[in-house]
Amino acid sequence: MSRVRRLLLGYLFPALLLHGLGEGSALLHPDSRSHPRSLEKSAWRAFKESQCHHMLKHLHNGARITVQMPPTIEGHWVSTGCEVRSGPEFMTRSYRFYNNNTFKAYQFYYGSNRCTNPTYTLIIRGKIRLRQASWIIRGGTEADYQLHGVQVICHTEAVAEQLSRLVNRTCPGFLAPGGPWVQDVAYDLWQEESNHECTKAVNFAMHELQLIRVEKQYPHHSLDHLVEELFLGDIHTDATQRVFYRPSSYQPPLQNAKNHNHACIACRIIFRSDEHHPPILPPKADLTIGLHGEWVSQRCEVRPEVLFLTRHFIFHDNNNTWEGHYYHYSDPVCKHPTFTIYARGRYSRGVLSSKVMGGTEFVFKVNHMKVTPMDAATASLLNVFSGNECGAEGSWQVGIQQDVTHTNGCVALGIKLPHTEYEIFKMEQDTRGRYLLFNGQRPSDGSSPDRPEKRATSYQMPLVQCASSSPRAEELLEDSQGHLYGRAAGRTAGSLLLPAFVSLWTLPHWRILR
């Protein structure tokens, strides 16, 4: 396989698939002409322009976010809610970084998806040193860290007994004589001055400190209210690989306890907590998943292997079809587009997950896809492929959309049609009462969740609902001439739908980028 071909397979395809579902960008501007019978659809387009498109346009215009380079991480940073790691693991985090470069981190673990019943807490101490700007992830900073100690404290007798058995089985002879562990007593899992270590019993790794990004923003354009967010490196989706994995994306951000969203109740609870008083978040009922309406990204999203994108998904619950628009960029603030993907297909009825509390399982199929190169480099790469591997041979031009369904996808992007993926979703509401939609995190090894056993057990960054219902795809396609990224975009509304499906299938190919 040629070097150019490998580059295509490793860069373009992963970027497309890793990103998720999403409908149009604010950059899609429907043509002012209307169909004779399109009064209702014209009203819909006007609403969409003022909602979904406006929200994405806000992101593409910078969203009043500034990135600190190099980042200042001194301070107290806390989770904004109950987080889900692969496994699944339900947790909250409380990290303190001091001016002498030392840190103390709490990782609170729970037995349910609402973080209401703490099971055990890890207390991690160490030292961190910021290095240079990351050459892997633009906008990030690389760091080195050194652990001084890791302790665990159990919050119930049952968990103490269970965890001590697990440690003894994982590291024979590790436990001192005297019986199992007891509740509310801190035990060492690792000490700097000794070789006595058994952190693998709890799948512990702190490599998230190897990649750091700090963002500052003023919500609602209020200069009186600063919110600071700390993004730390992502965690491998296979718990056994965590200690070997170097981050290439981010976890959900922590907020600065001093400069946080004032509506964040969880922030205040976690801020006041410690290993003897773990945070107990307010109980909430799980929302029933209804895949309908339109959903867009809330920020410029980062995927492993240097992929930046925004997503726009459209779900039609009347016939269980979906559309996704994926807008890919070369920069971490999503200002310089590289290519877009529009995908559509069908999805199954949801079934409550027996493995991930609060999750609902779906099966997604994609059978139609369009691609639009948005810069000369991407168009050139696509033109390298010959025959029926990715659209019409040698015909790719910047800003011109092509349907790749007839070539069964696009080899250059690692996409083969038709394709099936096994997904998991959950729905929540934010502090403003808006609905958020989370879909499954892509496997860190770049594979595709194309079998039930490969279904995700954790989630990507959420999309926010921007419209509660949507017209049928056929109506959009026949009556819209949207332009992505201004004049340089595709000619049909189909280009808006593409990113949603791409988001589902891009992650496997992201791995190829590595």
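Keep in mind that glycine also has a Cβ here, set from the backbone N, Cα and C atoms.
What Swiss-Prot records for 1-26 is signal peptide.
Along the topological domain 'Extracellular' (27-492), the predicted structure has mean pLDDT 87. What Swiss-Prot records for 27-492 is topological domain 'Extracellular', and it gives sequence analysis as the kind of evidence.
In the three-state DSSP scheme, ASN100 (N-linked glycosylation site) falls into the coil class. Residues or ranges marked as N-linked glycosylation site by Swiss-Prot: ASN100 (among others).
Swiss-Prot lists ASN168 (among others) with the feature N-linked glycosylation site, giving sequence analysis as the kind of evidence. Its own atom aside, the Cβ of ASN168 (N-linked glycosylation site) has 16 Cβ atoms within 10 angstroms in the protein chains shown.
Residues or ranges marked as N-linked glycosylation site by Swiss-Prot: ASN319 (among others). ASN319 (N-linked glycosylation site) falls outside any helix or strand according to DSSP and counts as coil.
Look at Swiss-Prot and you will find 437-459 tagged as region 'Disordered'.
Feature annotation from Swiss-Prot assigns transmembrane segment to 493-513.
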If one measures from the C-alpha of ASN319 (N-linked glycosylation site) to the C-alpha of ASN100 (N-linked glycosylation site), what distance in angstrom results, rounded to a whole number?
59
Report the same-chain neighbours of ASN100 (N-linked glycosylation site): residues 6+ apart in sequence with Cβ closer than 8 Å to its Cβ, ordered by sequence.
none
Excluding its own, the Cβ atoms lying within 10 Å of the Cβ of ASN319 (N-linked glycosylation site) add up to 8
